[in-house]
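Everything on this sheet refers to the single structure shown next.
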Amino acid sequence: MSEKSVEAAAELSAKDLKEKKDKVEEKAGRKERKKEVVEEEENGAEEEEEETAEDGEDDDEGDEEDEEEEEEDEGPVRKRTAEEEDEADPKRQKTENGASA
């Protein structure tokens, strides 16, 4: 009878080890992805700084273009119709009493 309990314990521990290994691998994968995202953000910021430094003379012209784009975006604000609201956010559905679900 002791042989069966030893085998069961060995199987159980192997199963536990496999589950633990899977969890560790998942956690390591998440950390790696997070690290990559942080590196990408840092690299993106460095690239923007380099571009700004290289474009020294063109900097004034770019500002004027940016201001023109901003002015176009700031046009008169109008209220959306109910149809446009539904199209803009199709995930929202209204319940019978009118509240969002």
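Glycine residues also receive a Cβ, built from the backbone N, Cα and C atoms like all the rest.
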Pick from Lys15, Lys35: which one does Swiss-Prot list as N6-acetyllysine?
-> Lys15
Ser13 (phosphoserine), number of other Cβ atoms within 10 Å | 10
